[in-house]
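Participant: To start, I am sharing the structure in question, which I have written as structure tokens.
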Ligand SMILES: Nc1ncnc2c1ncn2[C@@H]1O[C@H](COP(=O)(O)OP(=O)(O)OP(=O)(O)O)[C@@H](O)[C@H]1O
Ligand SMILES: Nc1ccn([C@H]2C[C@H](O)[C@@H](COP(=O)(O)O)O2)c(=O)n1
Ligand SMILES: [Mg+2]
């Protein structure tokens, strides 16, 4: 059973990034919707474990996905699964795909979906939680289709942090966490990949009425105040 939360629709930001203007993404028509999992009358814990509540968290490099996920976890208790972190763990654990993943990340490209979806599936299955933030995934239509095929479900909602390119570049170059892809050449490539491959995914979920577009400018706390009502309404 699905419930519509109509009061949230004004929260969708009306600002447009340069990239979105370029591709003519009609994101302002975003609809906000629903949850099926947080109403105890609608299913027991085991039902929820089999059919978890999934939020995809999207946005360009440095748009603040990881930062906002940390705040959502602290306030609302979802489990944060960062696709990038899962891939970086594969590199450091010397897995058979480690060197391929390392080279792909260095080049600012996208790792084959088969690899990433397998890591996400395992992380979901081994978690005690039934509500997830999947950060930085899907990065392409190929990622999206592979996830939906393997997991057998669509996400419940999708957050998109909309941030100007100049601000994203500034944040990435100041990040200082020793990431191999935090350099100007890789960032330029990641921005290109974002526009070419990730924006179609965002557009797809916008058309399906699943997208919350969040203005990703301002302080971390200001941005979180735009995110908070999305999850508060699902409680
Ligand atoms: N609102 C903000 N204002 C200024 N700096 C910010 C803001 N939000 C995050 N940052 C900083 O910008 C950098 C990038 O943020 P974050 O890692 O959350 O982005 P991301 O979207 O996860 O990027 P990536 O896709 O590269 O993983 C970090 O150093 C973070 O501390
Ligand atoms: N779905 C994904 C997510 C990430 N990657 C690779 C390529 C990214 O540039 C890199 C870092 O990800 P981030 O931490 O910025 O989310 O990881 C990918 O190939 N596919
Ligand atoms: Mg991140």
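Using N, Cα and C of the backbone, Cβ positions are placed for all residues, glycine too.
Just so you know, TrEMBL annotations are computer predictions that nobody has curated.
TrEMBL lists 62, 63, 64, 65, 66, 67, 175, 218 with the feature ATP binding site. Summarising the annotation, TrEMBL assigns ribonucleoside 5'-phosphate binding site to 88, 109, 110, 111, 136, 137, 138, 139, 179, 190. Marked as CMP binding site by TrEMBL: 143.
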Participant: Compare the C-alpha of residue 138 (ribonucleoside 5'-phosphate binding site) with the C-alpha of each of the binding-site residues 65, 67, 175, 218, and give the closest one.
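Facilitator: Nearest in space to residue 138 (ribonucleoside 5'-phosphate binding site), counting only the binding-site residues, is 65.
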Participant: Return the members of 88, 110, 138, 143, 179 (the binding-site residues) with CB less than 6 angstroms from at least one atom of ligand 1, or none.
Facilitator: none
Participant: Residue 64 (ATP binding site): which of the binding-site residues 88, 110, 143, 179 have a C-alpha within 10 angstroms of it?
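Facilitator: Close binding-site residues: none.
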Participant: Quick one: give me the count of other CB atoms within 10 A of the CB of residue 63 (ATP binding site).
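Facilitator: So the number of other Cβ atoms within 10 Å of residue 63 (ATP binding site) is 27.
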Participant: State the count of C-beta atoms found within 10 angstroms of the C-beta of residue 143 (CMP binding site), not counting that atom itself.
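Facilitator: Within a 10 Å radius of the Cβ of residue 143 (CMP binding site) lie 24 other Cβ atoms.
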Participant: For residue 62 (ATP binding site), which of the binding-site residues 110, 136, 143 has the nearest Cα in space?
Facilitator: 136
